[in-house]
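Listed features, source TrEMBL:
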DOMAIN    568-618  domain 'Cationic amino acid transporter C-terminal'
TRANSMEM  50-71  transmembrane segment
TRANSMEM  77-98  transmembrane segment
TRANSMEM  110-131  transmembrane segment
TRANSMEM  173-194  transmembrane segment
TRANSMEM  201-224  transmembrane segment
TRANSMEM  236-259  transmembrane segment
TRANSMEM  280-304  transmembrane segment
TRANSMEM  324-346  transmembrane segment
TRANSMEM  374-392  transmembrane segment
TRANSMEM  503-525  transmembrane segment
TRANSMEM  531-553  transmembrane segment
TRANSMEM  595-613  transmembrane segment
Amino acid sequence: MGFLLDSQEGVGKGGSWGCVRTLIRRKRVDSARVKPGGQQLAKELSVPHLIAIGVGSTIGAGVYILVGTVAREHTGPALTISFLIAGIAAALSAFCYAELASRCPSAGSAYHYSYICVGEGVAWLIGWALILEYTIGGAAVARGISPNLALLFGGRDSLPAFIARQHIPGLDIVVDPCAAILVFIVTGLLCFGIKESTRAQVIVTTANVCAMIFVIIAGGYLGFKSGWTGYEVPTGYFPFGVDGMLAGSATVFFAYIGFDSVASTAEEVKNPQRDLPLGIGASLFVCCALYMMVSVVIVGLVPYYAMDPDTPISSAFASNGMQWAAYIITIGAITALCSTLLGAILPQPRILMAMARDGLLPPFFSDVNRRTQVPLKGTIVTGIGSAILAFFMDVSQLAGMVSVGTLLAFTMVAISVLILRYVPPDEVPLPSSLQGLINSASSRYGRISQEKNGEDPKVSVGQSKDAAEPLLGKEDASAEYSLAKNLFLGNYVFLNEENRRKIAGWTIMFTCVGVLLLTYAASNLGLPRSLRFTLCGVGGTFLLSGLVVLTCIDQDDARHSFGHAGGFICPFVPLLPIVCILINLYLLVNLGGATWARVSLWLVVGVLVYAFYGRKHSSLRDAIYVTVADADEIYASPSSILV
């Protein structure tokens, strides 16, 4: 064991290598020794609260429309199977989130995990994409509430004039005062505290679930009464074939987005190692069960080709003589939107807070109110930004940008699980305030180690005599003897710890490259046939080879002690994370060029913000990197003080 002294100070002056080191520097998991600075968030949440947050954030009003659109265009009566396949695909990401959330229970969600496992550059892009996701997502949800409120009060133009949508001819925009007011109400509720806002989330989510249960029970009664006419169609159960069913799964997959909001509250959970995995898993299970049961009922009441694409559930009940059910369904849609709005605004202040704690954003966002114990300033800024967007802009054209942030986060979480298992960080940053203690411990250890081995004390600490000699300068005989010795002992050279980490790291990288090539070539039908098949072959080879190599080599023993022990362990590694990466990248590639063009502009802005502010103010700028074992020894010293 030797001390590795590596400071990031002056990294901007080190040319291209210095820039690369800035992007790949990683922070340490918050632990009993290393706590994030400033006032802490209130630990008030338990499993029921987490389920309410997860279900409320996931089940939006889209499901009240989605069943009709997908059934008409893709699946027919097989809609239930599409929801099941999409739920299984979402569960792969949920497993990855569950392990990382229990190991690293701090605010920030995917940004936090990426910073620990991948590096600062990737973490910044993930955090910046999540900011866009939650801002646009909250505004889009708020804009969808006023039309449903109008339907509840009798028609499209039935809302009072002061909250109804108004068209401004000079600017050619439609403003929505109701959407902005609702955003401000939700923001004010979140400012009162996590316990109070979660109680409201429980109430609204319960009302939404009750509306869906009504659809299931009343629809089931009508189905048995009418003989389930929707399933008696001449085209059979798969009118669009298996391909249509899978296309429907890709569409309804986005109906499961939202459970990641649970991970963003990790710092406010009473028992994160136990409650976070349960909350994530239970909320996803409830959503999948409700989606499947609603789809079973609705496609059975009306033939898929006769469904109303705008109001499939209400029209299905009306066609069976239950027109009054439309009011209950509309109330369910409104409560679903309100709970989704709460779930969209809740995570963003915590991500802003996590990024500000790390120095990548101004410290303004890291302030936690002492009385309510929430990031008050970040919550207010988030609410104002979402309210302005909801008031002035029709954000329906930007909805695809929400999916980019989510799928990027899902992909990086799966990659982080692979890194954690095979190449967990073996160096951790310590604050520069411990420089003297580190130097003292390094000198003491180096002197003792050299005297014990009979080495020259004048040799630099951490550098052996062999290290000073060029590798190719050693005699061939000694190299052959060393290889023969290792083979005789059954200890293959290429399987020692250092080489195992190198092989695993490169394999993870090439596996991700293979998945990207495969999904791009498989999705881009405009490519020349030969080029498309070549890319598919190369990508598939990288993918399968990576899976085989990672399956054969051992996982790192340090994974057992990484972060907070005793939590959930993701099963079927490396298969599960790799399949998760494959699904998410496939969906990302198929989002369309217009969506990627808009997202690219936002990411370019993020790169500029990072280059001119985040990189220079990062809390790791002056950090000193030492090995994990040495860090434990330094912290055990009575002289160690963290500032």
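Quick reminder: no glycine exception, Cβ is built from N, Cα and C everywhere.
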If contact means at least 3 Cβ pairs within less than 8 Å, sequence distance 6 or more, would you call the transmembrane segment (324-346) and the transmembrane segment (374-392) in contact?
yes
Positions whose Cβ lies under 8 angstroms from the transmembrane segment (503-525), at least six residues beyond its ends:
415, 418-419, 422-423, 494, 531-533, 535-536, 538-543, 545-547, 549-550, 553, 556, 578, 581-582, 585-586, 588-590
The transmembrane segment (77-98) and the transmembrane segment (280-304): do they have three or more Cβ pairs under 8 Å, with pairs 6 or more apart in sequence?
yes
Might you confirm whether the transmembrane segment (50-71) is in contact with the transmembrane segment (77-98), defined here as three or more C-beta pairs under 8 A between residues 6 or more apart in sequence?
yes
Counting only pairs at least 6 apart in sequence, do the transmembrane segment (50-71) and the transmembrane segment (201-224) share 3+ Cβ pairs under 8 Å?
yes
Taking the transmembrane segment (595-613) as the reference, which of 110-131, 173-194, 201-224, 374-392, 531-553 gives the largest number of Cβ pairs under 8 angstroms?
110-131
I'd like to know the mean pLDDT over the domain 'Cationic amino acid transporter C-terminal' (568-618).
93
Residue list, the transmembrane segment (201-224) vs rest of chain: Cβ under 8 Å, 6 or more residues beyond ends.
48-49, 52-53, 55-56, 59, 286, 290, 293-294, 297-298, 300-301, 313, 316-317, 320, 322, 325, 328-329, 331-333, 335-336, 338-339, 342-343
Using DSSP, what is the helix/strand/coil residue split across the domain 'Cationic amino acid transporter C-terminal' (568-618)?
40 helix, 0 strand, 11 coil
Outside the transmembrane segment (374-392), six or more residues from its ends: residues with CB under 8 Å to it:
41-42, 134-136, 138-139, 142-143, 173, 175-177, 179-180, 182-184, 186-188, 190-191, 193-194, 344-345, 348-350, 352-353, 356, 364-368
